[in-house]
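Visitor: Okay, here's the structure, questions in a sec.
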Amino acid sequence: MKSRRQHLLSPFISAAMSVIPGFSTGVSTDSDIVVDSGSKKFTELHIPSQSEWRVEIPFQTVLKLNVVSGIAEIYGTELPNNVEMTFSGAKISIYAPQTESNTGCTIKYTTGIKKSNQSGMSSGSNGSENEITEYISEEESSMVQNINLHFVLESIRQQTNEGPRVMVIGNSQSGKTSLLKTLAAYALKMDRSPILVNLNPQEGVYSLPGSLTATPISDMFEVESTNGWGNTTTSGVTFHNPKQPIVKNYGFEKFNENMDLYKYQVSKLGVAVMSRLEEDAEVRQSGVLVDTPALTIKDFTIIENIVSDFEINMIVVIGNERLVIELRKKFRHKVNNPLNIVKLTKSGGVVEVDEAFVRNLQQQTIREYFYGTLKSPLSPYNTNIDFKDLVIYKTVESSEFNPSLAFLPSGDDFTPEVDDSDMMDEGNGNRKSNEFSLDKYYSKVEEPDASLLSNTILAITQLPANDKSAKNLMNTSVMGYAYVSDVDDAKKKMRILLPVPGTLPRNILIVTGIRYIE
Amino acid sequence: MAVFDQNKADLLSDFEQSLKELTFPALPVIENLTEIARENTDVADKILQLIKTRIAKSIPDHKLASLYLFDSIVKKIGPPYNILVGDEIFEIYSNSYLLVNDKTRQRLSNLFETWKNTKSKGSNSPLFPRNQMDKIERFLQQANKSKSGNEGDAYGSGSGSGPGSGFNTASSTAPSSTHTTPGSTPSLPNKPMLMDHSKSTLTNASLIKDIDTLIPFSQNKLRNNPSDSKLQERINALSKLRTLLASQNMSVKELQTIQDRLRNIMQQEFGSSGSSTPTGMNTIPVQTPVPVVATTIHSSLSSSTSPSQSNIANEFFNMLIASGLVKVDQSLIPGSHPKYELKFPRIIKTGSVGNSISSASNSALERLLYGAKNGLTGEIGKTSSNMNNINNNTNTNTNGGVVGFETLKNIELNKLNVDPKNLQKFISSNKPSSVSISLLYDSKPSKCGTCGKRFSDDENGIQKRRLHLDWHFRVNKRLSSNTSTTGGKGGIIQSRNWYLDGYDWVKFKDENLLEYSTNGADSANAMNSLSLSSSSKASTPTPGSNSNNPNSIDGLLLNDGRVPFVVIPTNETNMINKCQICQDQINATYDDDSGEWRWVNCIKAPGEGKNSRKIFHATCFLEANKKRGADGDLNVKVKREKI
Ligand SMILES: [Zn+2]
Ligand SMILES: [Zn+2]
């Protein structure tokens, strides 16, 4: 029952192009979106109950939609009725849940092109890449299992005083993140606020790509923002309630680019999350939802680490029967500390995302970090800074540290020589701290220059100035990110974009492998 | 096929919406709806049903508009509409006639005259069946007779419906006591039928008695028709009145005002059911209604709101009118705008229930007014539901019968009976019932019109919803004021905060981020004072980490969301300054918007002149002040000194 339709765009022309004052960087922001007020032609569409409207909106294209009647949700987050919502650079699925009346929902939508891209598209394009692709798909079975899983989690919350701690495993693009969003959104509707942990550094969740984060989901997702997450706190007011994550630096987008660092940061994030659960009864009762990169049985050590770091008591495997069997076998010993392993069938509606789309999403995520969303625009701050005032580290790639390791299958036979007991022990960490070596994780940059820094994202650590402890560097979290827009090797200066006005509040920075082009 | 049906369903629901917005005979709307009726004769029966329902259920002052629409459709289109309505025309006409004021009655009489001379479109047969027309004729004769019989009556003066009295006079000829049997000619009263006219008998107790008669009646009706929200609102309004009466001493004037509300509710009660009136109603025709507080809302309300919003606004108004908080005065010239007055019961001093209701109602109304004036559409719909919830709250307090969401959820989860030993089976094979699915949707029936968030109808939900709407209101106000003062999107100057460090994050409570936070409410009242931003406010100070907490440097902002700054005088030559407290150097920043040079994150030392160079970091100033205070209260607020 799939019918694919292509929509031609009406060529919108904007009378006035708005540019955020104070920033002549040529960055396009959401306010550059052409809003055609006169001749807007809305297409009305009925989504039958338990069906999903899948739509792919290119980055240059803007889709505006209204829920005219009925209930519509995006990954469990209900959309307001008769409110115009704007989407761009997104693949979204609007689902009409089963209700008493079972009448589905009706939406209307229209499309346009972002102003800033109208002139810039010179590459002989006929505009077809700006067309949205959309179709309706019947989704009863996969949504039913999501709802059932939600009820399982909610009964656990009801029956115990510790919420479920769930980890989702599946191939890339198997719908892990969508499932977790749905579960978190449903939990929210039960008046819960679970912590959403993102261990997939390819996506920045309330942060930038390259980070590992944990965020209590205490209010709705902002479905219109990049990847449908939303804002963290700002200096002013935001249209939606913001979220408050903790951010750990990893610095790469693939978990196996430096597995030592990855595992280390996962464990430190686990410590933070478990401590938060101790402190915060509401969050403890709501539980933890952990998103992961595409892990296979070859990455069992990582799976095992995550299970122990976050005291996981349920693993949900999406669409991989074999992995379920293997995991049940390997976790057989966990009888005293029950670990449920359940599987969900992969939703037919999981959209294939190509490499270019992932890149664009990452760029959009970074832009949103500095410039905010359409509904809550933010003003970042440009400043010049001398290298001499800074202590700069960079993340080591495994291949740099030990080239031979780079050729091993990811995760196989590669157990880092890390003394966990020492690392976990922050209180009296002096015992071995002199011997602790940064080599596997970070290296100090003695001569920063343009070739290293240009267009990179810098993680600003929480470390106070002149803290020289390697251990502290490993254990610190990220205070924020800066973007290096210009490097002057002669003057040994660089120009950086900061999210917050003022001087750089910390001087210990980590160069990440994440790049951004304004 | 399904798509076709859906289109029709949508069309009908649009039509129904438009009907609800048709509160006065607006020509364009009537013409438009007539056209829709013409183009969709395949669903003529359904369209007709919507109109009949609207005529029957709308409040008396709104009936004329839908009757005019009805008239327009049967005259301009004719078949099938006039044929379909056929034998019901008498009932529709007479039921409406009984409930409207004299002025409208005159219009209805005129309308009937036009029907006599109209032929069914495209034929030579009469518009409506002969026997029906005759019935109406006889009915009108009797009505006129009884009316003229009443005219000499001392109480007949209520028929005047000039400005300031239109709402209350609707019942002056008191047709609400009429025993109407569908399909038969009602016998109109030959004498004024409501008893106990003397003012001396009008007491709190007598009105409570009347309410006690009305409530069970309405509740019974609600049981038969549980989805009728209007009915629910009426019961709520009654309960509220009863609470007020039971707890207050009132002047005769106040009692009269209340009595008039009561009569209005009564009218609607029996107007839509066609059943008989309970006896024992105290009734006095009121010549001069006494609004305790009267505020005139300009009729620009309806024109300044977008269609979908104004619909919700109208529903809200209907409800307020029904509860007597808003008085409507409408000149019945087609196309004219009704005038509204607000009437706040002054009354409430004792009784916490009544008190909270009153203040909530007032703020809801104020918000409504604010929204109307400032074009902040979206607020209206929410205040409407807010109001609704307040009423429900009253209802809960009076009748004590709402099952909380938490209870509902627990019952349903227990029913699901998830086997912890076999979760896989449950996940793969459970067929969720519509009841369990509704936990995610309808069990929280109030959905925010702005963001889609749902709220339950229990006390917790009502409370949260109120805070939520207040929060939207504050945010919108701030966002819009930021925008308007600097003219454009660039006016909102705010930036992302730094993330918390591990320690602060572990100690952080997300309630400080949300609209339920009391901090938020405080700051709304203190627009001109300084306070720490939410993130640093919530982070617990720790020895050692306190002085270099990044958020205490950058998280400081004015409560309207701007970063504090000192404008550097144009004659100043030294742009570099220092903080008088920490002695750190402060560099100048150029602000493109204003063309000013500024020392950002700073405030001028209190009492210093315009050209003084004495400045502080805002944070340093706050810290210093805090230390001066007897306790280390984190929420200490410092009055922003005049600069
Ligand atoms: Zn809302
Ligand atoms: Zn200072």
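Quick reminder: no glycine exception, Cβ is built from N, Cα and C everywhere.
Quantities reported herein were computed from a predicted structural model and do not represent experimental measurements.
From TrEMBL, here are the annotated features:
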BINDING   A:E52, A:K91, A:Q173, A:S174, A:G175, A:K176, A:T177, A:S178  ATP binding site
DOMAIN    A:47-159  domain 'Clp1 N-terminal'
DOMAIN    A:170-372  domain 'Clp1 P-loop'
DOMAIN    A:378-518  domain 'Clp1 C-terminal'
Visitor: Which site among A:K91, A:K176 has the most other CB atoms no more than 10 Å from its CB, taking these as binding-site residues?
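Guide: Neighbour-count leader: A:K176.
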Visitor: These are the binding-site residues: A:Q173, A:S174, A:T177, A:S178. Which one scores highest on other Cβ atoms within 10 Å?
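Guide: Selected residue: A:S178.
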Visitor: Taking DSSP states H, G and I as helix and E and B as strand, how many residues of the domain 'Clp1 N-terminal' (A:47-159) are helix, strand and coil?
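Guide: Its residues divide into 29 helix, 52 strand, 32 coil.
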Visitor: Under a three-state reduction of DSSP output, how is A:K176 (ATP binding site) classified: helix, strand, or coil?
Guide: helix
Visitor: Over the residue list A:E52, A:K91, A:Q173, A:S174, A:G175, A:K176, A:T177, A:S178, recorded for ATP, what is the maximum interresidue Cα distance in Å?
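Guide: So the maximum pairwise Cα distance among the ATP binders is 17 Å.
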